[in-house]
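Peer 1: From Swiss-Prot, here are the annotated features:
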ACT_SITE  224  active site, charge relay system
ACT_SITE  330  active site, charge relay system
ACT_SITE  361  active site, charge relay system
REGION    423-450  region 'Disordered'
């Protein structure tokens, strides 16, 4: 996804920002493929085809091997009937499906599983860190498929399918940004793969194309909008979809654009649709565009458009397993999206696995490449080929604790995690209060200043400033781990009829983190390449390497949330405020997993507009907080007892050179926004 306010020449849009939207036992590392020798491959494939079956003579296989020719793979295009007429031309829409599959297995008549990425980006904007687009030969068959999935998995006996969402590239129809058209575009392809929908050899012809070569077992994968479509398709409960791997994906489109009425971006889904529409769609889809404007009001009120695009409510329908990946500092598809989806899947007993990085909106191929390819390979082998390789018995969560340093968690959140109510209290100076378990009293007052952001507030946490109210623990005597989603309830009295609120949790103390606010959102792209699969002249499996981009910081914003105070009575509808009247509202903070170390302090900051992350209200309110009716519900591993132990006695400050836990912000840590 691209935030609508980003300049299209921004280098972020050239790569990591799409759409302009127990560890395994030690074993020998398999070699990366840097060359491909077709004759040798053919011999190996023939031998294996003759002697190996899914249950080999010496035991069931644990890993698919690269024994099929990628160079000689079948490459074909099919158009699948979605049974919708989104563009209103009187004909049902067909979506383009580009297929790459092993020729040897086709000759043997063996049915194979499918890995599928359904995307709106294949022609407009490209995929991956190098913004790769599909290319075609003179017959219209795909030559280059973006990313490494086909290069790596086709030689291992999978088919790879790249689907152009309706209204994009070579597909009919209109882009409706996560609605029925988007989801049906991909669902129809799974139906076709399972013999329940019609496919054709051309966009307008009548010659049928049947997917007789597949067993219908499908895994969907994708980052951002692509992963969002995977979430949406899984929420239909479609048969044949066995697993999804959503990366930095949306679970409810309302939560991409709004936070309890507060606008996160300065435009709506119509902008995104227009950006990815094909030229044909632009001439036919005015009605769809108008609906995206009219039914997504800038007031932030919930409408039926958002209900249609809320996949969380349908988590009970999910049949597929879910391997979820998200950056905890993703300020594009914000972390609330993965938190609420994960919780809903857990409540419905869905098999699931999660990776949480310190990055922003970045693919794991670009922040943990070797481990990612290995884990994804084993995941698909287990879920689609049925191999008992132990991936389902590994810890549920991998969490990046420091740049390139990962820990695991058997469950996520860990067993013994409880929501603990932390309460603010007044301190020795205005706006600089305490944070603990006891109910506070008194008030704190601040005035919204849209020129300032969460980093400005954190940098001045120990100063009395007009723009925020800060509440801080003493230096901790032991580590405190937050794992999951927090909620902050505030009771505030505004001076105007409109007001926006922000609440952030901050780890105060020096650290080295991935620089998620840098242009690469935590990675730097290098010039050298490594290869992950087989290549052809038109489709290289070799991709630019990356390294972690780090920053030495004096505070880390670890979770954040926002709301329009006018939505105090309903998360779905705002009303004008009465100046001088107190209102209570709860802000949903993003899911995270973060350890506040011994010697650091934990802070809660409540303020108005968070520059670059929400839009300001129409007025400039001053708000007075009633501290007795303000609190934070924070998921702590070990619960209240862990917090009590960590705060029972003063810890030693982590760095004697730090002024009250924060250095002077002469190099302010930037927040991704319009000017970057």
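Positions of Cβ are set from backbone N, Cα and C atoms, glycine also.
Computed from a predicted structure; not experimentally measured.
Let's see these features in context: how buried, what's close, how far.
Peer 2: Secondary structure at residue 224 (active site, charge relay system), taken from DSSP and collapsed to helix, strand or coil, is coil.
Secondary structure at residue 330 (active site, charge relay system), taken from DSSP and collapsed to helix, strand or coil, is coil. Cβ contacts within 10 Å of residue 330 (active site, charge relay system), excluding its own Cβ and spanning all protein chains shown: 24.
A 10 Å cutoff on Cβ-Cβ distances gives residue 361 (active site, charge relay system) a total of 28 other Cβ atoms nearby, all chains included.
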Peer 1: For residue 224 (active site, charge relay system) and residue 361 (active site, charge relay system), determine the Cα separation and express it in whole Å.
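Peer 2: That separation, Cα to Cα, works out to 8 Å.
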Peer 1: Measure the Cβ-based neighbour count of residue 224 (active site, charge relay system), defined as the other Cβ atoms within 10 Å of its Cβ.
Peer 2: 28
Peer 1: Cβ under 8 Å, sequence separation of at least 6 from the ends of the region 'Disordered' (423-450): give me the contacting residues as numbers and ranges.
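Peer 2: Tertiary neighbours of the region 'Disordered' (423-450) are 461-473, 499-500, 602-604, 606-609, 611, 616-617, 620-628, 630-632, 640, 643-644, 647.
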Peer 1: Given residue 361 (active site, charge relay system) and residue 330 (active site, charge relay system), what distance in Å do their CA atoms have, once rounded to a whole number?
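Peer 2: Pair distance, Cα basis, whole Å: 5 Å.
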Peer 1: When the region 'Disordered' (423-450) is classified with DSSP, how many of its residues are helical, how many are strand and how many are coil?
Peer 2: 0 helix, 17 strand, 11 coil
